[in-house]
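According to TrEMBL, the feature domain 'Plant heme peroxidase family profile' maps to 1-249. Annotation source TrEMBL lists Ca(2+) 1 binding site at 3, 5, 7, 19. Positions annotated as disulfide bond by TrEMBL: 52-245, 131-156. Look at TrEMBL and you will find 94 tagged as substrate binding site. Annotated heme b binding site per TrEMBL: 124, in sequence order. The Ca(2+) 2 binding site feature in TrEMBL is assigned to 125, 169, 177.
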């Protein structure tokens with residue numbers, strides 16, 4: 001969580017603590033095996049050239065395209081970190097419990113404005129969340145569609161089943177579209193932090209724009225992803241090109 005440097009891919013060892021066990025990541029972040037497979041194939045044809053950080057950035061773009069979303073040009077040349085920060089991952093990744101003001105601050109700390117924050121939140125048109133991240137919303141919040149809440153409770157009881165997962169966009173969970181925003185407008189945001197984007201505050205108008213105009217959402221999302229891929233990259237002689245994305249050379 002130090003920037004776009006693939007620090008999140010590093011496994012813990014007896015003498016090293018990575019970011020995989022950070023509260024926002026543990027039991028939630030998945031797909032490391034996919035990156036391993038890509039890295040193995042890239043190394044076999046072009047050894048010691050393509051970083052794990054670049055692979056992550058390209059894979060993110062290609063995944064979005066594959067699921068029907070926009071494309072963008074991924075700048076390349078990032079290098080991989082030799083360190084990771086559990087504490088930074090715990091403090092800097094926005095929590096699902098954040099209110100709108102906290103979300104705006106969290107993204108602002110990384111250089112993103114409110115519109116970019118709402119656009120990047122649209123990545124929740126795909127992916128899934130653990131029961132523990134939305135249980136409180138299901139059982140204790142009022143700005144939630146009652147039928148929607150009821151439909152999720154069997155998979156996320158009031159106690160236990162913390163790791164059961166539900167799609168962040170229950171309508172079209174494997175299509176990259178603007179349904180996430182349409183859902184927010186009818187109080188079908190899965191996370192508290194999702195619904196905060198459309199809760200009578202300063203970002204309502206942005207949600208409304210994206211819900212009615214997917215092309216605008218796609219353009220803004222693509223631009224924000226390019227910007228996020230430029231967060232504190234390691235270049236030149238800084239960092240390294242890892243041979244195995246799970247460990248330093």
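Along the chain as shown, residues are numbered 1 onward.
For all residues, glycine too, the Cβ spot is worked out from N, Cα and C.
For residue 5 (Ca(2+) 1 binding site), the nearest of the recorded positions 52, 94, 156, 177 in terms of C-alpha separation is 52. Around the residue listed as 'substrate binding site', a 10 Å sphere centred on its CB holds 18 further CB atoms from the protein chains shown. Non-local contacts of residue 177 (Ca(2+) 2 binding site) by the CB criterion (under 8 A, 6+ apart in sequence, same chain) comprise 68, 69, 125, 214.
Mean pLDDT of the predicted structure over the domain 'Plant heme peroxidase family profile' (1-249): 96.
Listed binding-site residues: 7, 125; maximum Cβ neighbour count within 10 Å falls on 125. Close to residue 169 (Ca(2+) 2 binding site) in the fold, though at least 6 residues off in sequence, lie 124, 125, 126, 179, 180, 183, 190, each with a CB less than 8 Å from its CB.
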